[in-house]
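*Asks:* Dropping the structure in here first, questions after.
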């Protein structure tokens, strides 16, 4: 089980890092900028979560293979100009996995530290979405999660609560994690596919 | 006394949350954005203060009724479209109370942790003003406190020092808090009313 | 030796504070804004480093003479309008000293806390560059370190590794620090003088 979780985490980190590097290259940043935005997108959520809960050493300090991987990816991206060749639509699926796994593991860590379901769901959402918000802010765009775009943070919030309820009813963390993760991934893919939003823009 | 302090804190949190939700709705954000900006405006200052002083658990983790209240407010604001109906001038008074109570309680917490008057006054100003600065940055505006607008952060700074001196001279925390708080609220209201600034813009 | 290090730190803090105050005055900020941007530019890197490593009390809380100095500088800058009179080219040299000393001392602190060379080099770069990045973000500009400008963060990264290798080979911290610091300062000055970049903008 821990091996599968770590594999899912790695998929999330790589997907989020790629999303950051694509934006950074569209903004014509140099390799340092590509690495920084990739790092922030992939590891920013976990860093915020750890700081909020005073959980040290930070995730990326404990797992230094992850920033090393991001550094190698940034070099490849920069010198091969990958960021302008990968279509953003290709990362929707790994990004959804990252959103799911980061949200649920962030929430679980909060439960381990004896926080309530409500606080844990907020910390789960922060873990899942903060990296992307910081990526957009640093690239001088209105963060994705604040635009009236397809639902994103609310799926993470609902997925965390589904996970808590399943864990409580089924008394199996593995089964609960699977259900919560599948829920977030499937609903997120459906939201993009069928353009589901919380609120229509009133100007249309 | 603690009850009155908590009541004042709640007024400050609600006022700051409303200020955030108004800006978020003017920017056409969806309910998630409205909640996030409201949360950041109301609880960002206290979070920064607690992180700087390594004071855990964070204020909003300890008082989870406050993020819950902000979530309920965000739903009401979003679906009733309140943010476009409340005039910003209506929140000047509760915002001044929030500035006052957050500044002085932030500074007092620093004194409790044995910091000097100078460090405590900086932490008081951060507690009082950071939420609003972050709100403006996330909404892609030059933060209010950096514009040559009516004085704001400097009132908080002066109010903290007045509080320290009163506490030292009068040996009564209650009396000192009352004087410091009244000073900040009255001077802030006067600054808005009579358009008091630190420096005139030289282009006029 | 500690005296010389503290002197170099002070030079770095003053140089970074001046860089922040120049930008703040170009943006027509009032004295509060000038102080805040100066503070953030000078002390933001060390604050991020301390938060990431859970190293409390923070640098500027322990050395309160530094925020006091920045406050005095901000008053002088504001009322004498210095920010519009100092040419930015005049701070390239002290800024290079600040980059060098902050990077290497940040990295050394990470080594003292038993982190690996790789993690320590990341923390060194953060200490050296985060203040400037935050200064630019708060002033609503694309951060300097993300533009395809003369190399900056990469010099800090290379300088940290040179410092580690020298320390390991020469078994003298003083000599290693001198070599690493000279490397960063000289290469940074050369990069500005001869316009050395990591990547040319492809639109030229």
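Keep in mind that glycine also has a Cβ here, set from the backbone N, Cα and C atoms.
The shown structure was predicted, so the numbers you read here are calculated from the model rather than taken from an experiment.
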*Asks:* Any idea which of A:51-67, A:68-84 is down as transmembrane segment in TrEMBL?
*Replies:* A:68-84
*Asks:* When DSSP states are grouped into helix, strand and coil, how many residues of the domain 'Glycine transporter' (A:94-167) land in each?
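*Replies:* Computed counts for the domain 'Glycine transporter' (A:94-167) are 59 helix, 1 strand, 14 coil.
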*Asks:* Which sequence-distant residues neighbour the transmembrane segment (A:68-84)? Criterion: at least 6 residues beyond either end, Cβ under 8 Å.
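*Replies:* Answer is 13-14, 17-18, 21-26, 30-31, 34-35, 38-39, 42-43.
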*Asks:* Can you work out the mean pLDDT of the predicted model over the domain 'Glycine transporter' (A:7-77)?
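*Replies:* So the average pLDDT across the domain 'Glycine transporter' (A:7-77) works out to 91.
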*Asks:* Counting only residues 6+ away from its ends, which parts of the chain sit with a Cβ under 8 Å from the transmembrane segment (A:6-24)?
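*Replies:* Contacts of the transmembrane segment (A:6-24) (Cβ under 8 Å, skipping residues fewer than 6 from its ends): 33-34, 36-43, 45, 66, 69-70, 73-74, 77, 82-83, 86, 88, 91, 94-95, 97-102, 105, 131-132, 135-136, 139, 141, 181.
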*Asks:* If I count Cβ-Cβ pairs under 8 A between the transmembrane segment (A:91-111) and each of A:31-48, A:117-138, A:176-196, which range comes out on top?
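*Replies:* It is A:117-138 that shares the most Cβ pairs under 8 Å with the transmembrane segment (A:91-111).
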*Asks:* Tally of helix, strand and coil residues over the domain 'Glycine transporter' (A:7-77) according to DSSP?
*Replies:* 59 helix, 0 strand, 12 coil
